[in-house]
Amino acid sequence: MRYRGPAELTVVRHGQSAFNAALAAAARDGGRLDAADLPARNADVDLTPLGERQARAVGAGWLASLPGGRRPGVVFSSTYLRARRTAGLALEAAGLDLPVHPDERLRDHDGGPFTFMTPAMVDEYDPGEAPRRLADRMHHRPERGESLADVLLRLRSFLRDLCAEYPGERVLLFAHEPVVVLLRGILEGLEEAEVWRVSREEPAAAASVSRWTADAGGDLRPDGYGVVGHLAEVSARG
């Protein structure tokens, strides 16, 4: 299916979150994640100080540098705190006064009871979970969670509404890595195997920018994926 309507669609992954930082620490410390400082709900996970700096860099280093005619006129965000805060900090740093429309369909993938677990912790909690997931990565649905096919369905719904309601607009989204990767799969018509390759080899980094621009026929075409040049100064400072 072709998606026509917006002149441009840009997706920003949120800045580093407390969960991202905890995962990195777990990788250094033998695979166990300390969730003591994480909230009970994934939706309430906030940005780290580094994530806040990354969000401001999205605004000051990328968004503010766009020519007036290339700046977004419509902004959506996942309902999750880290995405909403990234949106607010980026727009503030860019000096743009635009309302941010929260949309539940842009939320992160719901991993159910495995949300705050590393692979080692998943194996300890349920040794059969990883094999079940590998057997059908797109359609496996963990208990009390959702499959990636479920995420695809809600993203297709979002895109249909977006294309119908915002023809000719430059639209900016703030969301999560699975959303960025799966949107790329939808918009570029990728086969399932290619989606997994992108997820594995070209993950969307924190505060990265991915863009699709309408061609002469109105179809959205890739125009930069996972761009992080605006984060150079933040990365250098740590």
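All positions are counted from 1 along the displayed chain.
Glycine is no exception: its Cβ is also placed from the backbone N, Cα and C atoms.
Binding site for substrate per TrEMBL: Arg13, His14, Gly15, Gln16, Ser17, Ala18, Phe19, Asn20, plus Arg82 from the candidate set Arg70, Arg71, Arg82, Arg84. According to DSSP, Phe19 (substrate binding site) sits within a helical segment.
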